[in-house]
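Notes follow the structure.
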Amino acid sequence: MAIPLKGLLDSGRRFMKGDAPSRRVESVVSALAYAGSSIAILLFNKAVLSVYEFRFADVMVLTHMLTCWAVLEVLKRAGVIDFPGFNMATARQSIVMAVASVLNIVIGMEALDRVDLAIFTTLRRLTALVIIVLEYVTLGVVPSRGTLLAVGLMLSGSVIAGAGDLKFDLVSYMFVLANSLATAVYLISMKTASSEVSKQLGNWGVFYYNCVLAVPMLVVWCLFRGSFSAARQFPLLSHPPFIVAYLCSAFLAFFLNYSTFWCTRANSALTTSVTGQTKNILTTLVGVLAFGGVHVTILGALGLLTSVAGSVMYGVVKFNEKRSRTPAPSHANEQRQLLPR
C-alpha cells in the first residue's frame, strides 16, 4: 500500500515538534518508512553497480547528496519544510556526522558491488554489535540480557553464513565489516548531533547540514581519484533503463536519509539498525530472484536462519521492554488506551 510522501513528511514534522498524537505510532511508521526505502534503494543500487557495471560509487554517492540537498532547498522554498540557514558554528558540531555519512555510503557501495545480496545482508547484521559497544562507550547505554542474546544470535548467524560461503573473499568481507563500523559510527553521531542541535535545527536542519558538508568532501575525493573523467566515458550514460535506475537511486537517497534520521530519533540507533537488518529478509529473497548469483549451502542457509531468528528475537525483546516502561493508563484515558494498536 502506497503511503503519500506529504503525509509521511507532515507526520515526521509533527513528531519533531513534539505534537504527534502517539509516540508509538511514530515509532512504527518511521521504522516502516526506513525499511521500505532501504529495500528499494538497495535493489536499485545493486542494479546500477552490478547489472549495469557502473564502477564509480563515489560519483553515485555525490549524486545522491546533491539530489538530497536540492530537494531540501525546493521543499523549503515551497514552504513545506523549514530549517535555519548555514553557519560555521553549527557546521563544526555536525562535521563528524557528515564524515561518517560519506564513509558509510561509499564503503557500503563498494561492499555491495563485491558480494551477493544474501551474504551482504547477513554480514551487515554485525552492525548491531558495533552499535552496542559504541552506545555503551559514548552514551553509557547498557543493553538488556535479552538484547545481548538476540544480537549474539545475529552475530553467530553471520559467522556461520560466512563459513558456508563458497565464494569467500577476505577483501570483500573486510569491506562489509568496515561498512558495518561506518554505519554504527554514523547512527551514533547522528543521535548525538541531533541531541545537541535539534532545538535550533530540527530533523530537516540536521539532514541539510549532512548534505552540505558531505558534498565538498565527495567532490575532492572524486577529483583525487579521477572519477569524473572516467564516469563520462561510461558507455551506458544515455541508456534509458540505466538512467531510470540511476535517478530512482538518487531520489530514494533523499527518502532513505530522512527516514533514517526520523527512525533514529523516534526509536534508537540500535532499533534503526535492527529494523534495517530485519527488512533484509525480504531484500535477500527479492535479490535472489532479481539478480541471482547466490550459491546456497547448508552452512549458509543455517547462518541466514540463525541471523533472522536473532532479528525476530530482538523485535520481541524491544516490544516487551517498551511495554513494561509504558505507564498504566489513567481512568480518564482507559478507553483510548484499550483501543487496538
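Cβ atoms here come from the backbone N, Cα and C positions, even for glycine.
Under the heading domain 'Sugar phosphate transporter', TrEMBL lists 38-314. Among the features that TrEMBL reports, transmembrane segment is placed at 25-44, 56-75, 95-112, 170-189, 201-223, 243-263, 284-317.
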* Structure fact -> With the greatest number of Cβ pairs under 8 Å to the transmembrane segment (201-223), the stretch among 25-44, 56-75, 95-112, 243-263 is 56-75
* What is the pLDDT of the domain 'Sugar phosphate transporter' (38-314) when averaged and given as a whole number? -> 80
